[in-house]
Structure formats: C-alpha cells, structure tokens
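Copied over from TrEMBL, here are the features:
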- A:Asp131: active site (ACT_SITE)
- A:Leu80, A:Cys81, A:His82, A:Met116, A:Glu117: substrate binding site (BINDING)
- A:20-153: domain 'Molybdopterin cofactor biosynthesis C (MoaC)' (DOMAIN)
There are 6 protein chains.
Amino acid sequence: MTEPGDTGLTHVRPDGAAHMVDVSGKAVTKRVAVAAGVVETTPEVIALLVDGALPKGEALGVARVAGILGAKQTPLLVPLCHPIPITGVDVDLVAEGTEVRITASVKTTGVTGVEMEALTAVSVAALTVYDMIKGVDRAAVIRDLRVLEKSGGRSGEWVRDA
Amino acid sequence: MTEPGDTGLTHVRPDGAAHMVDVSGKAVTKRVAVAAGVVETTPEVIALLVDGALPKGEALGVARVAGILGAKQTPLLVPLCHPIPITGVDVDLVAEGTEVRITASVKTTGVTGVEMEALTAVSVAALTVYDMIKGVDRAAVIRDLRVLEKSGGRSGEWVRDA
Amino acid sequence: MTEPGDTGLTHVRPDGAAHMVDVSGKAVTKRVAVAAGVVETTPEVIALLVDGALPKGEALGVARVAGILGAKQTPLLVPLCHPIPITGVDVDLVAEGTEVRITASVKTTGVTGVEMEALTAVSVAALTVYDMIKGVDRAAVIRDLRVLEKSGGRSGEWVRDA
Amino acid sequence: MTEPGDTGLTHVRPDGAAHMVDVSGKAVTKRVAVAAGVVETTPEVIALLVDGALPKGEALGVARVAGILGAKQTPLLVPLCHPIPITGVDVDLVAEGTEVRITASVKTTGVTGVEMEALTAVSVAALTVYDMIKGVDRAAVIRDLRVLEKSGGRSGEWVRDA
Amino acid sequence: MTEPGDTGLTHVRPDGAAHMVDVSGKAVTKRVAVAAGVVETTPEVIALLVDGALPKGEALGVARVAGILGAKQTPLLVPLCHPIPITGVDVDLVAEGTEVRITASVKTTGVTGVEMEALTAVSVAALTVYDMIKGVDRAAVIRDLRVLEKSGGRSGEWVRDA
Amino acid sequence: MTEPGDTGLTHVRPDGAAHMVDVSGKAVTKRVAVAAGVVETTPEVIALLVDGALPKGEALGVARVAGILGAKQTPLLVPLCHPIPITGVDVDLVAEGTEVRITASVKTTGVTGVEMEALTAVSVAALTVYDMIKGVDRAAVIRDLRVLEKSGGRSGEWVRDA
C-alpha cells in the first residue's frame, strides 16, 4: 500500500481537507524514533541548573517527567496524529556550556511511527526548562528541534545526516 | 514583593525542591506575551502548503487551531506553570521561502505572565506543521522558539533585542 | 466597546483567520445560560431507563455526571472558546414517552457568556444516554440541541421564542 | 459470546450498577461507523461562512479539526466508553441553504464499534460551528445527530433506514 | 526476559533516571487487577448517603462514574505508567457502619498489568465521596488503598494475604 | 449566605440529584489547604528510594511533579468540584523507616476551598510512589489520606485534632 504523505502532505486529502489518514491496513511492527533539541541560555544559568545548591537532577528531573507525560499527550495536542500505545520513553537532558541538550527516544508496537511523540516529548521538556529559567534568562531560545532517527514500518531505518 | 526567580530558578525552593511558587500576593493586571518560532523545510514543501491544489489556509489553519488549543493546555503540560484565565490568543503562520514562521500573541488579566502560553502555542503549531509535512520532508527542523516581548506585571515592558 | 460577533462571525478576524477574540476589556458580571436537547428513542427503551429493575436514577445519573464534567471540558473541546471559571452547573434529565429531555444550566462570574458550556453539558449527557441505549436502539437520534436563555453581560437577558 | 446490550442497556449490570462492560473476549476486527448531524441557522449566516470575505474553509476547517480531536477525547467524555485505537477520521462539513451538514466517518481495528467516536466528532464540530456563529444567530439549533451506518464486529453491517 | 522492577525500582534506569520502561517485548495476555480502599466517616454521614431523602445510589453512583473515568486517566496522572487499552472496569461502593468500602476491578488484554488503573479508580472514587461529604465531615479519612489481587502476565496469579 | 453542605451532602440538591453547587455569591478570599497521606512499604524499599545508587530525589521528585500536576487536574477528576485558579502548590515527601510521608499545601484566591486539590495532589503523588515500588513491594498500602488544615472562606481556620 501507499503510505500517507508519499505524494504530498500527510493528513491532507486530495480535495484539500485535513483528515486523520486511515492506517488500518498498515502492519503492526516495532517502531522507534529519536528526537532532539536544545535550550540555549547562559553559562550562569547552566551553573544554577547543575552545580548550585540544588539537589542535582531535581530541576532537570522535572523537565524529564514533563517530557514523558507530554509524549502521552501527543494525539490530544497534534490534531491529525493517531493515538498509539507507547511502550517506552526515555528523555535525557545534559546541561553543559550554554546549553541544555535534550534527547527523547520513544518506542511502540503499532501501525504508525512515533516521531511526533518523540518531538513532543522534547518540546515539552524544553518548555519546562524555559519555565524554570525564565526568571533569570527570559531571552533563552529553544532551537534545533528535529528527528534524529526512526526505525520500523514500511520505510525502514532512517538516520539524519550529520 | 519579590517576584519568583529574581534570585534564581523560577519554581525551585531554597531547599532545591520544585514547587508551584505562590503568586497569591501578585497584582492582577493586563498582560500580553508574544512568542515566535520557525519550521525550516524546503521550497517544494512550502509550495505544497501555499500554492498547490489545497484550499489556501486549510493546512496552516489546522496548525493555527492546534496552537490556540495548545495555549489552553499549558498548565497541564508544563508542571510548575500556574493555571490562568487566557483572555485572547492569536496565532499567525506565514509560509515563504524555506520557512513557516509562526507567531503567537496571548493575553490575560491575571497574576502571572503568559509567555509560557505563547511559547506553547507556537510549539504545538510547529509540531502540527511538522506532522503534516513529515511525509515529504522528515528532516524539517523547528528552530528559534523564543519570547519576542511581554508586558504587564511588576517587570513591565520587555522587548527582545533584535 | 463592541462585542465580538456583532458584525460577523465570532472568533474570526477581519483577515479571515480564526482566533480567540480578546475579551480582556469586558466586564466581569454574573452570567447564566440554559440549554436543552432531546434524545429520541422508543417507549420500550424509556421503560428500561426508568421503570425496570434498575435503581431509578443510576442510568440517568451517569449521564448527569458526564454532562457536568463535559461543561468543564468545554474550552479544551471548542477551540476558540475562552476558559472561564464555572461557578455552578445543573443537568436535569426527564425520561418520558419516547424522549429523554435534557436541560443544563451553567453559571459563572466572568467576562464571557456560558452558553457553550451549557450546550456542551447537554451534548455530552445526550451522547452518554445514547451510549447506554445503543445496544437496544441504535437508531436513536439526538435533536433540538439549543440555547433556551442567557443573562448577564452587555447583551443582557435573552429568552428563546417559544 | 453475547454482546453487551443485547438484552438491555449497554453498560448496566444485572444489579443495575453502571460499569464499563468487559470486552476482552470480543474479536479484533476492522470497524467503521458514520454519523451525521445538522446545524440549522439562517441563509445570511451560511453566506458568511462560505461566500464572504473569509478564506473559504477557515471557519469550517476549525470545526473539522475540533471534530477530529473530539473523536479522540470520546472515552474521557463518555464515561462507560472503552478507549480504542482510532485508525482514521474524516469530518466533512457542507454549508448550504440554512444548514451546515456535518458527517464524520471513524475507523478502528479493535474490539468495539466506533459509533460513539463518530457521534462525538459530529457533536464537537457542531458545537464549534455554533460557537463561531452565535454572535450573529444565537437561536441556531443542532439537530438530527445520529448514526448513519456501522460495519465490523459480531453484528455486521447496519445501515440506517432512509 | 526480565520484568522491570525485579531487581529494583520500577521505572528507574540503572543510572538513576526515571523513564517509562520498554515493554515492547512483553507478551499480550489477559490481565485483571482488583484494588480496594475505605473512606472512614461517621454513622450519621453513612445514613445520609444511603438512607436519607436521596434516591439511593445517586451519591455513590457519582463516585462510581468518577472512578471509572479515573481509571482511563491513569497514564496522564501517573507519569511513568504505560497507556493501555482497558477492556472493562467495575467500581463497587458499599456504605455501612462508619465506612464507604470501595473496590475496583480492571481488565485489559495488553502487555502490562492494570493494578495502577485499579488503584487510581479507587482513589478517584474515594476523593469524590470525600468531596460530597466534606460539608458534614471534613475529618473523614481515606485509608487502606491497596491491591487485592492481580492475574495475567509473567508473574501469574497474586492474591494479597488476608 | 449558607455554605453548601451545612445541612447535608455537598453537591446534592434537595431533590437528591447531584449538581455542581452555585458558588457565585461566595466571597473571593485567600484560601489554603494542607493534606497528607502515607505510603507504607518495607525498610528495604525505603532504602532503595533514598540511600541507593539513585540520585537522591529523582524517584521522589517524580512523585512530587505528579502531585503538582494532579492538583491542577482536580476538577476534571472529581465531578462536582469547581474549577479554581490555584496560585501555589507545595508537595513534600519524606521517606523514613517503612513510610513515605506525603504532604501537599495548596493556595488560591478564590470562592471555594482547596482541600480537594490538596487531597488530589497527595493521592496522585502516592499512586506514583506505588507505581515505582510495585516491582519490589506490590503489597504496599496507601493510608491516612486526610486534610490537616484549611483556612480562608466563611468557615475560617480549621485544624485537625492531633
């Protein structure tokens, strides 16, 4: 069968209307997607996040939990995204230099890929980091939110060019 | 009174624990925040979004609606964010060149700023754009998600340096 | 000030884009809206709902609770609806003849009317009734979902013509 | 096995208590349900929705997105409804004469039918249309919300009598 | 394969970070979990709940519905809990003496157990009972919230010691 | 005015139907509620939570975040609870002996008390602790979930007897 989007926009019918594309004929396979993003801030803020009086991990841990919960909210946030049973989520945050680098890996056994869940996990974790640092750096920027790799399904393995 | 975050991380207590900071003493004022972000893709995808067989606006309109709904979900997504009564949201998307540029403006009459709501609106709109174009450009990147300006509250007017 | 919608569609800007209209300048007043609707089914189903072996009220009570919860979900369901602090909800269901007649009354002290909350309460209660009776009457119809009256705000009292 | 509801109200136990009936023994099959409904308004409002200064489709497109998202919210709105993995949703709106006619088609590969998801999609789309036109016609009525057809599962194909 | 938690905390990686553990390799089996809890109050309040002017069951019926809906919310409330397709929920409440005793039984055909869903159903039902009686007994206590039994999955049948 | 519940069950009308009681006439005041509860487990599990290879706080930090988010979900979980603007939440967890003791303090400036929000925060934090330890102690019990004190509103200060 033809996958949605091969010949145009995913989720848009030939008549131009948005819809949630029918995936009932697609194979149930194990699928993984990894996404990443960066919160750019100042060295002083990074120090507060990792070296300060704070129990290491509490601040970044809040963002991790938010990202995991965010992955589960994906189909309620992204209108045309299919609800799928996520079978695993890892969210990692590394604070170093002027950056908090965030990576999310999401797994499922289902009929669609999980790149939207991985991207949503990173987005929500990044928003949560911003929320905690905005009092000291409201100019912080979230950047380079992107899919790094995905596997499973008809299109097989894909890894982003370096 | 001292605003949360003046001397450190917003939402983190002196003992390092995360909490939703008490804002019950803050003044109820009109507040506005504007945030922006970009989905970077290819000229071919931009053409599909704006010039193709699609009714102009349907694809971007879906992202707009998602962004507006996303703004209202902010306190359920960002753990330490206060629930506040949003009084207005505008989300604008311009597709041009290799970019979809997204701007969200959020208003409230309340005790906290609405920059998280504006950033969340832009994030969810950007995720929705990615979801629609991922079939033709899975390498698209969401970048430069940031607050452009905010007004209202103790800290008054703030505009990002160009 | 001019209320949104006086000269055209509520929530649509002059340039045709959907938005959540700014209500921050509107007065905070006590507001009430009453909406109603009907689930049309068969006399046999009505008998099951009210006269059978069931504890009177359990079946209709489930629909009542669903309607009250539905009213609180309104701004997450109806994209351009403002979140407002509901201060009271009554949902009443009368099963008689071939009909379950549903009425919802919603109150707030706020800047927008609550007719959407009242209509949503009736809708969700009606869907819940249908869900319970669909095994015996899948041809049941939900009809005449409408606002009966509203008060408060700039437009004052409005009562539907009989 | 006996389907729930064959001998009485769906979701009501012999002792009269509401419950979410056990469907773990039911077969996983492809299932489709189509539901429809009407928003009755005035010719002037229909003209605003389709012929006016608005980009055609933006107003109805908002309702379409709301309906699709609404379908995914069904098990959180209708208390005794099973959560099921929706595999496709189409919502269509036609504005003509004095009516906006709404149809929703929902698909799944699962153990229960999807008529509640289709009805909820139509309901939420209809509420969203009302929300946009209430400024110019608060007397608009939502009517004839009903299931048109369903297929899949033990009870096979069912089409509503014309 | 090793089940998560056999050698330590469920949902915590060897490096100490919280994650949603990967269950994609686990077998899909029928699973049941039963949980229980008690709301301790006064004989006078119990009389109001069951013997008074109230239609028997309305007050306890509200708590039952809340518990069933709560079970479906579990993965949005408990951060590291996997979303699973619940196939059946029963919530029972018995008001007697000084207690409302609540039991919830949850079923699924899936890869993880449903004890969290059963516990969440009891918790939300208990909170709802408290909400209704707090005007007459704000000192009421929710106690003994626990899993009574579970079956299905690698660990097989488990029944709590009496 | 008479507060709801002074003469009977909160949220139940004289005719016995459940409703969300009208609070639009109540005064807007600062209100605080403190609730607490205990997860009873084994000394070995407590050691894993606080002394082990885990970064101190990550496991309990997850529960803290879940509790804070849970407080914001209260009106969507407890059917007859009014939505109110929470202005602050603290959730504290102390793991010692055989217990994790949880306390939640919630503040608002509003028309109803926040004891339901405080109790919900403790409940969700306790469920999250159970979810993390269930692999090593499925017999753990959540007990003594109760309101410790509340202030604000017509009924003034209330502190639980020791």
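Positions of Cβ are set from backbone N, Cα and C atoms, glycine also.
In TrEMBL, annotation is done automatically, which means it is predicted and not curated.
This view paints the features noted in TrEMBL onto the structure.
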{"residue": "A:Leu80", "record": "substrate binding site", "Cβ within 10 Å": "23"}
{"residue": "A:Cys81", "record": "substrate binding site", "Cβ within 10 Å": "24"}
{"residue": "A:His82", "record": "substrate binding site", "Cβ within 10 Å": "24"}
{"residue": "A:Met116", "record": "substrate binding site", "Cβ within 10 Å": "27"}
{"residue": "A:Glu117", "record": "substrate binding site", "Cβ within 10 Å": "27"}
{"residue": "A:Asp131", "record": "active site", "Cβ within 10 Å": "26"}
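Comparing A:Glu117 (substrate binding site) with A:Asp131 (active site), their Cα atoms are 21 Å apart once rounded. Filtering of the recorded positions A:Leu80, A:His82, A:Asp131 by Cβ separation from chain D (threshold: under 8 Å) yields A:Leu80, A:His82, ordered along the sequence. DSSP states for the domain 'Molybdopterin cofactor biosynthesis C (MoaC)' (A:20-153), grouped as helix (H, G, I), strand (E, B) and coil, give 47 helix, 47 strand, 40 coil. The shortest Cα-Cα distance between A:Asp131 (active site) and any of the binding-site residues A:Leu80, A:His82, A:Met116 is the one to A:Met116. The average per-residue pLDDT of the prediction over the domain 'Molybdopterin cofactor biosynthesis C (MoaC)' (A:20-153) is 92, rounded to a whole number.
Binding residues for substrate (A:Leu80, A:Cys81, A:His82, A:Met116, A:Glu117) extend across at most 13 Å, taking the greatest CA-CA distance.
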